[in-house]
């Protein structure tokens, strides 16, 4: 290679000899020569620059993920409320909330005041009761719209999150039996904590004046720790099958609303069921403590809990419970852990990188008066959660532990648990109707009603609905191992079916008397259900279930026979259909 010659413009010309002996001249800037002789080498123009990594220990992106996750659960919950509230707690529902509020009003002295609000916190007290169905629909629709906004945009403020919390609180507190599940309180507690993730007014994914509080992040972590410990301890203290490692032999078949995977998981080998039970004990009783062992172990704990909840989602229809339990587990991950969820060109990620650069350069924003007030609020939140956690912790360590209980009227800090006991046999209540004038006639043809999801028709494949929730189907599971005297609402349903009530029938999948004469009699039959064996002749016939009649659950009833029963309970007597007059 010949020596380089520098041209007038400062560029350097080099002569090179290629393989054929011909000379080629290349031009380069003289400033590049130093790089070749020991200076800094230029980056290959064909190589894309490596994106800058986020630092650990900040939670800007974590906040966005948490808010979107909470809003998703709110959206599902309000959708369920909109589709089912009128039939369950509406003006003509099975348990009208108006009647419930009136009974509370009488109990506290006949006026709407502090006592009434303390006993049943709900904005329904201040609404016009002349059209309760409209009130319930308006609350549900508003909740759906607001939660959808947060889900889509990833932006929220305290006003929005308080609105969602108050709206759902108002529904839960008048929902009576239909809202008596532990996940309702869990959503309210999660939603309450989400309020403090946000600025008061600002709508921004990355509000610079309101950095995510580590105290608030730890309240979420404390929530998932309590959820898992509560579930694990109630199992160890409850059914002995958890200690004998045999509970999973029954769970998939006897859980409230199985899904298609439940069938196959039930038929897993016995050693898999033992492994599942041992894994359950490890995840619920040991893994939660990883949360307190530094960042890496906290991430491990969060990953374990999320994977566990995903397995539970796959294995059954437990409403939005498992989806909701994933939410506080997300607080175990900081921005560096969750950055893969955000595109490199996304505005949120760029904003967080800029904030981290400024902090690294010592140019972070000086605390404003508002930021100082927020710090006081965050500390107050930590003190409040700590104070309200005292009875919860005492319950956890108690040999008489109770689960799914609130110790304060606003359900801010609660105790949780699930499946402390496992039913070994599955029983179902099947509603049947007949057109026969004599229910004792051996030739009477009894036809079955089918619910939306719970087992009934033995040929029907188990449904897949999670995170959606059919409240009536779930309560029918409880009714099946109680008596109709303990679940009087079952007789209320029977009366509505005799009247061909469209509201109740909307909660069912199949009405055998659709477009026909309404039934003269309705009865409840009690059956024992078992999954068919894969490869058996029953399975080959398309049967998912085998069933055997136990006996009557409640006797055959007609509208006239129910008149006194309904009057004694202040239930409106169903109208006799015109085709029966």
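Positions of Cβ are set from backbone N, Cα and C atoms, glycine also.
Predicted automatically and left uncurated, TrEMBL annotations should be read as such.
Look at TrEMBL and you will find 1-25 (among others) tagged as compositional bias 'Basic and acidic residues'.
The compositional bias 'Basic and acidic residues' annotation in TrEMBL covers 34-51 (among others).
Residues or ranges marked as domain 'Lipase maturation factor 1/2 N-terminal' in TrEMBL: 179-339.
Residues or ranges marked as domain 'Lipase maturation factor 1/2 C-terminal' in TrEMBL: 412-555.
Positions annotated as region 'Disordered' by TrEMBL: 1-52.
As annotated by TrEMBL, transmembrane segment applies to 60-82 (among others).
According to TrEMBL, the transmembrane segment annotation covers 108-127 (among others).
TrEMBL lists 139-167 (among others) with the feature transmembrane segment. Counting same-chain residues at least six beyond the ends of the transmembrane segment (139-167), those with a Cβ under 8 angstroms from any Cβ of the stretch are 64, 67-68, 70-72, 74-75, 77-79, 81-82, 85, 123, 188, 191-192, 194-205, 348.
Here the transmembrane segment (187-206) has Cβ contacts under 8 Å with residues 60, 63-64, 66-67, 70, 73-74, 77, 153-162, 164-165, 168-169, 172, 212-213, 216, 219-220, 223, 320, 324, 327-328, 347-348, 351-352, 355, 377-378, 381, 410-414 of the same chain, all six or more residues outside its ends. The transmembrane segment annotation in TrEMBL covers 187-206 (among others).
Tertiary proximity for the transmembrane segment (297-314) is limited to same-chain residues at least six positions away from its ends with a CB under 8 Å from its CB atoms, namely 221, 224, 228, 261, 283, 287-291, 322-323, 325-326, 329-333, 337, 466-467. The transmembrane segment feature in TrEMBL is assigned to 297-314 (among others).
Taken from TrEMBL, the feature transmembrane segment applies to 376-397 (among others). Within its own chain, the transmembrane segment (376-397) is flanked in space by residues 196, 213, 215-216, 218-219, 222, 226, 229-230, 233, 405, 407-408, 412-415, which lie at least six positions past its ends and keep a Cβ under 8 Å from the stretch.
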Remote residues contacting the transmembrane segment (108-127) - C-beta distance under 8 A, at least 6 residues beyond either end: 97, 100-101, 135, 139, 166-167, 169-171, 173-174, 409-410
Distant-in-sequence neighbours of the transmembrane segment (60-82), which means Cβ under 8 A and at least six residues beyond its ends: 54, 136-137, 139-141, 143-144, 146-151, 154-156, 161, 164, 167-168, 171, 187, 190-191, 194, 197-198, 205-206, 211-212, 217, 220, 320, 323-324, 326-327, 330-331, 333-335, 338-339, 341-342, 348-349, 351-352, 355, 467-469, 471
